[in-house]
Amino acid sequence: MAAVQISLPLPVLPQGWTEEKDFKPIGQLSSATQRNIEPVGPHFLAHARRKRHKRTFSEDERIQAQENVKKIDDDDAGEISEPEDPLMLQRDAKDWKGQDHYAVLGLSKYRYKATESQIKRAHRKKDLRHHPDKKAAAGSSEDDSFFKCIQKATEVLLDPVKRRQFDSVDEAADVEPPSKKQAQKGGFFKLWNPVFVAEGRFSKIQPVPRLGDDNSTKEEVEDFYNFWYNFDSWRSFEYQDEDVPDDNENRDQKRHVERKNNNARKKKKTEDTARLRALVDECLQGDERIKKFKKQERAGKDKRRLDREAAEKKEKEDKIKAAEEQERLRKEAEEASKVERAEGRKAKEAAKNAVKKNKRVLKGSVKDGNYLLPAGQEAGAKRIDEVLNDVEAVMAKIEPEEMALLASKLNGLKVAEEISTVWSEEVKRLVDAGKFKEVDMKVLGK
Amino acid sequence: MGAQEEGEEVPHEINAIGISFGNSNSSIAYTSSEGKAEVIANEEGDRYIPSILSYIEGEEYHGTQAKSQLVRNSQNTVAYFRDYLGKDFDSIDPTPCHASAHPKKHESTVAFSIQDTESDSQNDVTVSEITTRHIRRLASSASDYLGKKVNAAVISVPTNFTEAQKEAMTKASQAAGVQLLQMISEPTAAVLAYDARSDAEIKDKIIVVADFGGTRSDIGVIASRGGMYSILSTSHDYETAGAQLDQLLIDHFAKEFIKKNKTDPRQKPKSLAKLKLEAEATKKALSLGGNASLSIESLADGVDFASTINRTRYEMLAAKIFGSLTRMIEDTVRKADLDILDVDEVILSGGTSHTPRISQNLQRLFSPKTRILSPSTLPTAIDPSSLAARGAAIQASLISEFDKEDIEQSTHPMVTVTPHLRNAIGVMVVSDDTKKGLFTALVEKETAVPCRRAGIFAAPREGGDVMVKVCEGARDIKVTKKEKAKTNGKAASDDSDLDSDDEEDEEEIREKIWKVGTVLAEAAIKGVKKGGKVEVTVHVGADLGVVVTAREVGAKGGVRGNLDKPRLVENGSA
Ligand SMILES: Nc1ncnc2c1ncn2[C@@H]1O[C@H](COP(=O)(O)OP(=O)(O)OP(=O)(O)O)[C@@H](O)[C@H]1O
Ligand SMILES: [Mg+2]
């Protein structure tokens with residue numbers, strides 16, 4: 001065949017891709033299916049020529065080659081086989097409404113699940129077996145009643161509308177809900193699941209949620225019951241209608257039967273809805289999961305309440321505590337400031353005392369130093385005044401600490417010179433610091 | 001290759017034709033010197049010859065003449081017998097023969113009890129003998145037309161024809177003086193009829209052949225790969241075909257008759273036979289026009305009957321049957337593990353396929369890309385009633401030179417049974433909307449090996465070094481849901497087939513995408529020039545080993561590499 005043209009481009013070679021001879025084998029083909037090629041047409045004949053290549057194939061090879069070939073045609077007889085109930089074979093087709101159409105076709109175990117092609121094949125199989133023309137040809141004068149049953153069954157089952165009508169009342173497909181006794185023995189899911197699978201056949205919405213098991217989540221279980229409590233069913237009951245007389249004479253009678261039928265259908269539909277509801281109720285009642293979820297929920301609720309109460313209590317306590325704490329802090333602060341105040345007072349007093357004391361030392365020192373006169377020289381009143389004035393002046397200019405320092409220097413000194421030196425130094429320091437001028441001193445520092 | 005003589009006394013020239021042999025109708029065809037298949041009309045001018053034989057005082061009537069005998073001479077008229085050939089009585093369905101000679105058990109086969117000679121005696125004539133007589137008549141018509149003695153044929157048969165049936169067919173044909181060169185399956189014959197047209201292009205495609213006949217409907221899904229055909233799935237339905245459509249019209253007109261005349265013409269065999277013939281004619285007329293009339297002299301109780309019906313009414317009556325045919329096609333596609341979107345062509349074959357509504361329904365079922373080959377959807381379509389005969393004639397011309405041994409060996413399972421790929425093989429290309437790259441199939445799945453396919457790929461615009469990445473790919477269906485625009489009121493009233501009434505508000509958009517599978521190999525083509533192209537060839541050997549070659553078109557050299565065959569080749573029991 002000619003090469004096809006592809007307009008989309010090949011990708012750029014990735015950076016660093018290298019391979020010997022520029023080819024990298026990676027995988028292998030997945031397996032293949034053995035099939036027959038049709039031995040038809042010029043291309044096949046060319047293929048055959050190549051494949052034979054002067055060889056002759058044997059009968060054995062024929063069998064061997066055919067062994068694994070995928071089959072494409074089903075056997076007409078099909079896989080559907082079911083023994084025929086002799087009583088069923090006696091049925092009268094006139095009573096077709098009473099027959100089990102699936103059993104007639106040998107599809108009892110498939111029922112509403114039978115596919116269209118299954119029905120067709122089943123029909124053909126029965127057809128081949130029971131055809132009246134065959135029986136007549138075989139010289140048997142058996143009536144063709146069962147053949148008619150087969151035809152009727154096929155007619156009903158291959159017509160989607162009629163099939164639904166029949167499936168609606170096909171009790172053989174029903175699965176009875178477990179009795180109380182059975183239910184008590186346990187096996188809830190095993191007992192109920194088939195019931196809902198069977199009921200599910202009437203659902204307009206497919207697929208239908210499954211009952212699930214112990215591990216189903218609350219959501220799944222809720223979905224399940226919601227689905228079944230809001231079940232949208234196509235089930236209808238016209239199949240059980242009373243025959244409407246089709247002669248034109250008795251029109252009233254006809255209308256009467258029709259009305260009766262209509263009412264009966266409605267009634268049955270209502271009953272069916274109620275039946276299903278009751279069934280779901282019953283299942284729900286026995287569903288331990290509901291109790292489990294309730295319990296979990298209740299436990300959850302209680303816990304929430306306790307939690308809430310605890311929280312409230314804690315909140316209250318916290319409030320009280322907080323208030324107490326605040327009070328405590330306030331008191332503490334108060335206390336502290338009291339102490340502080342007291343201590344401040346003390347310190348002040350102490351400082352005052354110290355100042356007083358130091359002042360005494362300072363004043364005393366000049367007295368001890370004979371008012372800074374050489375020993376033996378008597379200080380006159382004037383001298384005393386002058387020196388004391390100087391001392392006063394210095395004391396007025398210096399801070400308590402300086403005073404304390406000065407006092408400590410002077411403390412214990414007895415010799416006038418030494419005392420005088422200390423004072424001179426002090427005065428000098430003060431003059432240097434610009435606190436006052438030398439001229440302000442009469443004696444000290446001179 | 002010449003005709004082998006091997007000491008046989010007659011050095012015969014082989015004159016082979018194609019025959020389609022249905023339960024309802026047969027056709028004969030030959031291949032002209034230009035290689036064109038032509039259907040032959042018999043002496044009555046019929047191209048569709050009813051497969052019916054009727055006997056009156058020892059005289060044999062065939063085809064249309066025999067068919068008209070179903071009214072007056074039904075007991076000596078043999079019809080709808082093809083499927084009984086090579087079967088035992090227990091496994092046949094006698095339904096179609098209800099209004100003609102009944103089949104009966106005869107030793108291990110089936111026979112008809114008829115007065116086929118001048119004497120009054122009833123003879124048991126086996127279905128084999130009837131077949132021989134039928135083929136003899138067909139061959140004789142062909143000989144008359146071609147002006148030379150036809151002595152060989154290819155006959156088309158259903159895909160589920162058993163070995164026993166084939167053997168019986170061979171013998172019956174032989175007894176008619178017609179050497180049966182080969183039996184080919186009906187759907188394949190139909191495909192070949194199309195592929196043999198001079199303008200046909202050999203492409204890999206999936207074809208559905210829908211053969212809607214008189215007593216049966218058969219579907220075949222065929223992978224056409226390089227002009228070779230593999231049937232992937234089939235189905236057969238004996239309840240939904242032309243006869244059931246006739247029945248609808250019979251019932252329709254019978255009811256009308258009853259209304260006026262109070263008698264049911266269906267209760268009287270002769271009346272029913274008349275009604276059936278006319279109903280069929282009316283049905284055929286409805287394939288052409290919007291209206292058809294029916295007129296029967298002395299239908300029942302000496303009362304004439306005339307009526308008309310329009311196509312719309314007929315299509316309403318037949319909606320269920322049409323719907324069932326459509327579903328049958330869907331089922332068969334599914335059976336082949338394919339999706340509706342995988343189907344490239346639908347060939348409508350068989351007489352019932354003339355019905356416009358059937359192909360219209362298929363147009364709706366398939367994607368607009370799928371070609372529906374039928375008279376009402378494609379002006380160039382081949383007459384569906386003639387497809388099988390044409391295909392058989394083409395095959396006859398291809399093998400008429402072969403000797404028996406040669407044909408036997410060519411059709412031997414050692415030749416025909418072949419591994420078919422499970423996945424497509426392709427190459428990754430770059431596309432704007434995917435970062436990961438896009439798979440482009442070179443070899444489609446269900447291709448028989450050995451096979452070789454090539455593709456010429458664009459390179460990046462600037463050229464340079466390119467990568468050839470060969471992978472397996474599997475087709476996937478991507479479904480996207482789209483809110484459907486709410487339309488007011490109901491769909492158009494011609495929407496007569498059985499669409500479900502509880503349609504959803506969402507519309508599903510389905511498209512085919514590729515899922516990249518196993519990476520098989522990587523190769524580099526270096527220094528591709530600006531605007532250059534790269535040719536990649538994948539060759540799969542009979543043992544499923546693969547050879548990949550890639551080269552720049554017009555340049556020397558290139559890359560070539562091998563992949564080992566897989567360890568095991570699974571059989572078809574998947
Ligand atoms: N133009 C037409 N329109 C509609 N139906 C037609 C037309 N032509 C033929 N038929 C119907 O096609 C059927 C015959 O089809 P065909 O010739 O393919 O049958 P066959 O293959 O011989 O039959 P069988 O399925 O019984 O083996 C008949 O039911 C006939 O009425
Ligand atoms: Mg046919």
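Using the three backbone atoms N, Cα and C, a Cβ is placed for every residue, glycine included.
Given the structure is predicted, the values throughout are model-derived calculations rather than measurements.
Annotation source TrEMBL lists compositional bias 'Basic residues' at A:46-55, A:120-133, A:253-268. Look at TrEMBL and you will find A:56-73, A:291-351 tagged as compositional bias 'Basic and acidic residues'. Annotation source TrEMBL lists compositional bias 'Acidic residues' at A:74-85. Residues or ranges marked as domain 'J' in TrEMBL: A:100-170. Annotation comment: TrEMBL describes A:30-85, A:118-143, A:241-272, A:291-356 as region 'Disordered'.
The DSSP breakdown of the region 'Disordered' (A:241-272), given as helix, strand and coil counts, is 22 helix, 0 strand, 10 coil.
Through the fold, the compositional bias 'Basic and acidic residues' (A:56-73) approaches residues 33-36 of its own chain, all at least 6 residues removed from its boundaries and within a Cβ separation under 8 Å. Proximity of distant same-chain residues to the region 'Disordered' (A:241-272), defined by a Cβ-Cβ separation under 8 Å and at least 6 residues beyond the stretch ends, is recorded for 233, 235. With DSSP classes pooled into helix, strand and coil, the tally for the compositional bias 'Basic and acidic residues' (A:291-351) is 61 helix, 0 strand, 0 coil. Per-class residue totals from DSSP over the region 'Disordered' (A:118-143), listed helix then strand then coil: 19 helix, 0 strand, 7 coil.
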